[in-house]
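**Student:** The structure's right below; bear with me while I get my questions together.
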């Protein structure tokens, strides 16, 4: 970046197309691809689940992926200021997406701290979750290596595995409820601070540092995933696990819940409606072929999810085979898979320390990309809003340090004995699919109907030289908002109050807080529009008209204006000059 009088007068770009591809891949390919998609697939009809999954890929995933990436590349702005240029009335979508992303980052990095904790213990001479001979174990603990035979002989039902007790009593030291805060888990706090330090240095120089870090963080997880896949496929019982993962049950397609879970998986795994793709696209050169990139990146994301299912369920099949229990008894999703089921399975293998280390390194790297890109997205959005303040030499680094430190302080409650209850509260309400569906509806309506789907297609063609398929226009105008609205309404109708481990019911005030967190983001969409409408000048009609007009300085607008005024030659000159 060039500096004049201490002011960075350029925003910066990716040094190469590869950096953009790796940054986006690292952002969208995360923990959900490994611990959520395989579980959803087996739970919702095996191979039949791929039908609603690909319906949402075609109608929502790819169209929104292209739209958001193109918005950033076209405006060269972050996820808030890009809306000011394209459709000012919808600026609240940018604020809402950033708030949801902030909530997500707060939760996400705590998971990385847990994974780091497990990784450290993976180097022990004996894995501490492999036996009941530890100070934190209870009398109900059953060593999984003899668990099945022990239970059959004794007839015990109130038992817990050594892995579960390590997770709940050693790692979390979980209290009896959210109101029992307890003490801070200092070991987890140190792991949390470590992850924040790593994130800080990954992005402290903006895309100049991020673009280099992703060469490792976005590629090495695939090496480990491939190694774990080969190892899993060679284990006894692996075939049964894979059959269980993919065996189709077409009757599940009649369940609307299956379709909603497919939609939620697409929105989360593709990082839609959060503004991440817009910011990453904004660092591209204007003529980058984001149209072609979209297809390859979406294919990579979904393909990774599918392949990860083989790596996960081959190992779960092995564990079920070793214990002599049905696979559904060991299949887990989310933290239950990463911190209970899979660690228990690898502890049964030869060289368990090696396989445990590989698994948790993969988990950390998969999550680290998503985490530091999320923080970079927030920083970029703020820098684009206040360039004179945050682009001065050294100020970005100082503000980023302050931001990371503040977030770490806010997370003290998450590394306390009640931390798991708080994380689940944030995840269930503040970061849920309903909020993303809501933003998607207004995002597509704003671009498709106010800015104009035709105008957006023209912008993409002007940047890439390729005319987008008419299907994209149809999706932005009709299919995507209809699918998103249907999913939003269904999620509201089917709402169930949050519980923890199916037995702990939160106090009533917690549910009110949860709804307040959910409303804090979606209320910004109409709220920002209303503020603009009330604070503008002129008649109500004039204010509304200005709020729906794109910036006259947009590149294609200037080119078309020159073409209309001077003809084709001037248009070509304007294109070259801009």
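Any Cβ shown, glycine's included, is placed from N, Cα and C.
Any TrEMBL annotation is an automated prediction that lacks curation.
Given the structure is predicted, the values throughout are model-derived calculations rather than measurements.
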**Student:** Out of 79, 269, 271, 333, which one does TrEMBL list together with 26, 29, 33, 301, 366, 369 for Na(+)?
**Tutor:** 269
**Student:** With TrEMBL as the source, identify the stretch among 139-164, 295-320 annotated transmembrane segment.
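**Tutor:** That would be 295-320, the stretch labelled transmembrane segment in TrEMBL.
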**Student:** According to TrEMBL, which listed range is transmembrane segment: 379-397, 398-416?
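**Tutor:** Residues 398-416 are the ones TrEMBL records as transmembrane segment.
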**Student:** Look up transmembrane segment in TrEMBL and report which of 20-37, 542-559 it refers to.
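**Tutor:** It is 20-37 that TrEMBL annotates as transmembrane segment.
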**Student:** Which of 20-37, 100-121, 219-246, 474-493 shares the most C-beta pairs under 8 angstroms with the transmembrane segment (266-283)?
**Tutor:** 20-37
**Student:** Spell out yes or no: are there three or more C-beta pairs under 8 angstroms between the transmembrane segment (219-246) and the transmembrane segment (354-378), with each pair 6 or more apart in sequence?
**Tutor:** yes
**Student:** Can you work out which residues elsewhere in the same chain, 6+ from the ends of the transmembrane segment (436-453), have a Cβ less than 8 Å from its Cβ atoms?
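**Tutor:** For the transmembrane segment (436-453), the far contacts come to 60, 63-64, 67-68, 71, 83, 86-87, 89-90, 93, 96-97, 100, 263-264, 267-268, 272-274, 472-473, 475-477, 480-481, 484-485, 487-488, 491, 521-522, 525, 548, 550.
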**Student:** With the transmembrane segment (295-320) as the reference, find which of 20-37, 100-121, 354-378, 513-534 contributes the most Cβ pairs under 8 Å.
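**Tutor:** Maximum Cβ contact count belongs to 20-37.
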**Student:** Please report how many Å separate the Cα atom of residue 33 (Na(+) binding site) from that of residue 132 (disulfide bond), as a whole number.
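**Tutor:** Residue 132 (disulfide bond) has its Cα 32 Å from the Cα of residue 33 (Na(+) binding site).
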